[in-house]
Amino acid sequence: MASTTSVSLGQRASLTAGQLPRFSPIWLLVISWIVVGGLFTILVLAGITEDFNLVGTVFFGTLLYAAIIYVASRIVEGARKATDRLMAALVTTAFIVALLPLVSLVSTAVISGAARFDVTFFNNSMRNVVGDAPGGAIHAIIGTLEITGMATLMSVPIGLLTAIYLVEYGRGRLAQAITFLVDVMTGIPSIVAGLFAFAFFSLILDQPGIRFGFGGAVALSVLMIPVVVRSCEEMLKLVPNELREASFALGVPRWLTVVKVVLPTSVAGIITGVMLSISRVIGETAPLLLIAGFTQSVNYNLFDERMMTLPVFVYTQYANPGSDVQAFLDRAWAGALTLIVIVMLLNLIARLIARFFAPKIAR
Amino acid sequence: MATARMTASAAPTPTGEIKAKKRLGDILFSGSTVTAGWIIVVVLAAVAIFLIAQSIPALIADPADIKGAPASFWAYVGPLVFGTLWAAVIALAIALPIAIGIALFISHYAPRRLAQGLGYLIDLLAAVPSVVFGLWGIKVLAPFVRPGYEWLATNLGWIPLFSGPVSGTGRTILTVAIVLAVMILPIITALCREVFLQTPRLHEEAALALGATRWEMIRTAVLPFGRPGIISASMLGLGRALGETMAVAMVLSPAAVISFVLLQSQNPTTIAANIALNFPEAAGVNVNVLIATGLVLFVITFAVNALARYAINRRKAFSGAN
């Protein structure tokens, strides 16, 4: 803000006369928060609301700030400057508003999930869990790992090879068609992928009510392949052409150039992309609900019988509670917390890999 | 890329063109990449074919066999299509202004050093699994917004959208739309941010040099340049919202109605949520009916996404940014 209005020292007095003091926005923001916070405190003390409304304080406080700064600036600085300050306040508000759900969601998951985030949760299944027995999610964790692992095993080779085709070989109709179809695939709703897996296997295997883990892996692959293709393509495009040309000039065959030069250069980015795509599908619920089904017991076999997964575990614990509703809710939140931890870890590791193992081209 | 290809073929010799030597490794490798490409084509074809094949029994079935005995399949799917579009459009209406605000904040307002970290923070929202959003929506958001709904109904109840009586649980289509809005925020923000950052630096500096304030610079240089990008970003966000399943299935208390009211307990449900809720117990022709509704959803999202891609690609060709 200051940079656009900076002036030489001698003129400052006359030119800053029509301006708000430099730190007034910050002070006004703090004051508005305190005022709104005070109002909510009075509401709590008067017994109208039960808890102090922190989210409301931040939200309405920021809105109050926007109004105050507009009026103050309008009086001191004029209409144009006032609009500028109002928009700056609104833009900042938008950012804060977006952070509120993230903070609320993560803190709720941590607080509610902590109740059952214990050893029993990670080494017990829900088999024969009645009455006060704590029960756990080991069956769901095993299912999630197997199904996501299988989906990764199928998606990464197909996705990576397609990306290599598009970047290194592809031209003409087929390459255009594949680029378009990958875009289309990115937009497939997850539940449609699940329906496809169900429609496919129930027709092929002639079982009208088919449920098994491998079908879930296929459904996840449909969702995962386009993400892998996209990210690998971006990474392969980043490899400088000089490297390829140097390799060709030395008489290295094309395929060895790709395997020994292009892929090693971009491997960090590719791994990052794959991890991000895993983190995207590992939380998918709808397709697994349709094709992998749900069960209470551990099932190691991808190709037979229903298989529980973590997201479906969270959903069923919430949707079909037994007599002790709170125990089921606690398990659901613990499952949700586990999922969040897995996804955040995948994201974090992926970003770290991208940062520390970036292509070694700028030497 | 062109240079790479030229160097790949054999060097020109006096006798004219000589084809590069066909090595087994090259043939196998390029063959497998082409196969991978074809697998994608085949998978998408299979998605369409198998969905259609499994949908046909639903279209020719006696409507009396369908759950709830509607007049026809289309009478069954109609309210669902309406609910899907309605929820997604409200979600977009909520998310778009906020997303543009965030994108501007990150690209033009936040301190440079913080900007990237703040971008990651928003991206984290995209990483949260939808089932967790559903759980959060029903346990935290629905009770939280209910007092606000009461206020809306008493003070703005004369607007048909906000007419009462307010649902006692807060599990209304507006709550669903808020959850959906949070879920599609990251994708819209990410795309808008990219577009805003691409605004030619000279346009911005020219505006500032003419005495524009920061907001006037954004209004005259950044937003007009980014408009096609904003449109396509919102279309992609809409596509996301249309297909979102679990959050809707968990938060909404559904009914097969076509109704625009936002706060009451009778809410139209969406195609995806309807499938998720009914599929585990469905049998016989009802399975085919659900698959057919899935096909309808596929067609809708396909159209929306194709439009978005069209807008993006058209922009790529004509923008001066790249």
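First residue shown is number 1, and so on along the chain.
Note: Cβ is positioned from N, Cα and C throughout, glycine not excepted.
What TrEMBL records for A:26-48 (among others) is transmembrane segment.
Using a Cβ-Cβ cut-off under 8 Å and counting only residues 6 or more beyond its ends in the same chain, the transmembrane segment (A:54-76) has close neighbours at 18-20, 24-25, 28-29, 32-37, 40, 82-83, 85-86, 89-90, 92-93, 96-97, 100, 104. Residues annotated as transmembrane segment in TrEMBL: A:54-76 (among others).
If you look up TrEMBL, you'll see A:88-117 (among others) marked as transmembrane segment.
Among the features that TrEMBL reports, transmembrane segment is placed at A:137-166 (among others).
Under the heading domain 'ABC transmembrane type-1', TrEMBL lists A:141-350.
What TrEMBL records for A:178-204 (among others) is transmembrane segment. Residues of the same chain lying 6 or more positions beyond the ends of the transmembrane segment (A:178-204) and with a Cβ under 8 Å from any Cβ of it are 162, 165-166, 170, 210, 212, 215-216, 218-220, 222-223, 225-227, 229-230, 284-291.
Taken from TrEMBL, the feature transmembrane segment applies to A:210-229 (among others).
For the transmembrane segment (A:261-282), the residues of the chain that approach it from at least six positions outside its boundaries are 144, 148, 151-152, 155-156, 159-160, 164, 168, 220, 223-224, 227-228, 230-232, 234-236, 238-239, 243-244, 247, 252, 310, 339, 342-343, 346-347, 349-351, 353-354, 356-361, judged by C-beta separation under 8 angstroms. Among the features that TrEMBL reports, transmembrane segment is placed at A:261-282 (among others).
Under the heading transmembrane segment, TrEMBL lists A:332-354 (among others). Listed as Cβ neighbours of the transmembrane segment (A:332-354) (distance under 8 Å, sequence separation of 6 or more from its ends, same chain) are residues 106, 108-110, 112-117, 121, 137, 140-141, 268-269, 271-273, 275-276, 278-279, 282-283, 310-311, 313-315, 317-318.
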Other same-chain positions with a Cβ less than 8 Å from the transmembrane segment (A:137-166) and lying at least 6 residues past its termini are 121-127, 175, 178-179, 182, 213-214, 216-218, 220-221, 224-229, 232-233, 235-236, 258, 262, 270, 274, 277-278, 281-282, 288, 292, 295-300, 302, 307-313, 331, 334-335, 338
Restricting to the same chain and to residues at least six past its boundaries, which positions have a Cβ under 8 Å from a Cβ of the transmembrane segment (A:88-117)?
1, 25, 55, 58-59, 62-63, 65-66, 69-70, 134, 329-331, 333-338, 340
What residues elsewhere in the chain lie close to the transmembrane segment (A:26-48), defined as a C-beta under 8 angstroms and at least 6 residues from its ends?
56-58, 60-62, 64-65, 68-69, 72
